[in-house]
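Engineer: So TrEMBL says this about it:
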- 1-23: region 'Disordered' (REGION)
- 1-17: compositional bias 'Low complexity' (COMPBIAS)
- 32-50: transmembrane segment (TRANSMEM)
- 95-275: domain 'ABC transmembrane type-1' (DOMAIN)
- 102-123: transmembrane segment (TRANSMEM)
- 135-155: transmembrane segment (TRANSMEM)
- 161-183: transmembrane segment (TRANSMEM)
- 223-244: transmembrane segment (TRANSMEM)
- 256-282: transmembrane segment (TRANSMEM)
């Protein structure tokens, strides 16, 4: 009799624990969303107040020539869906062109930098062979490479992709080297004791152990790819967000400039989230690597 009376009570208690947990999860999710949007909303509010009050900002920034957040939003909408001006409705074409260039340059950089970084981090001879050259080229800014790229490669997509490649290559390489160099020797010894060949341990031990550093390098490299995009698209290119910003500068259209900046920021954010999602899916069998 005791067993029959206790079983329903245990079953009845289960829905209560479920209902008490779901509101806490919802509250935690709402709090994370609130924290994520709080600072952007504060910055937009300060922006609106500065434009309305024509504040005197440092560095001689004249707020009379800065559009309000609402004006920038209206211009962004017109760039995407409007038809009133020459630039209206061209946002998707510019965004697609820029995204394609960033994707090409970043992927080439990742394909080159990750294997080289793993080898440099584990093989001292390779490290000594490449370290001086990498240390020499890494401090050279991409803006210094731009004139040389235009002269040697010419105007167009290839020079822009080359500059993006340079910007993304070194952060990915340095982070990959650091991750591979810090792999625990005990893990490699354990793999050797189990009969794993040295070349195979690169894929089973070194690569998974370096994944967090590689992820950091990929995210930094992708962010820099969007930064350098504007430099590559300022000369000799008619399509792209950088070209749109350059044309707006020539027309003194600060509303279009800010709209282009906002779109680049959103594109960078979405691409970063997409990269993180892809890495998590690729390592879903090994949680904690990303």
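Every residue gets a Cβ built from N, Cα and C, even glycine.
Not measured: the values here are computed from a predicted model.
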Engineer: Below 8 Å between Cβ atoms, which of the listed ranges 102-123, 135-155, 161-183, 223-244 makes the most pairs with the transmembrane segment (256-282)?
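Structural biologist: It is 223-244, which has the most Cβ pairs under 8 Å.
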Engineer: What parts of the chain pack near the transmembrane segment (102-123), using Cβ distances under 8 Å and only residues at least 6 beyond its ends?
Structural biologist: 130-131, 157, 160-170, 172-181, 183, 202, 206-207, 210, 214, 217-218, 221-222, 225-226, 229, 271
Engineer: Looking only at residues six or more beyond either end of the transmembrane segment (135-155), which have a C-beta under 8 A from one in the stretch?
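Structural biologist: Residues 162-163, 166-167, 170, 174, 228, 231-232, 235-237 contact the transmembrane segment (135-155) from elsewhere in the chain.
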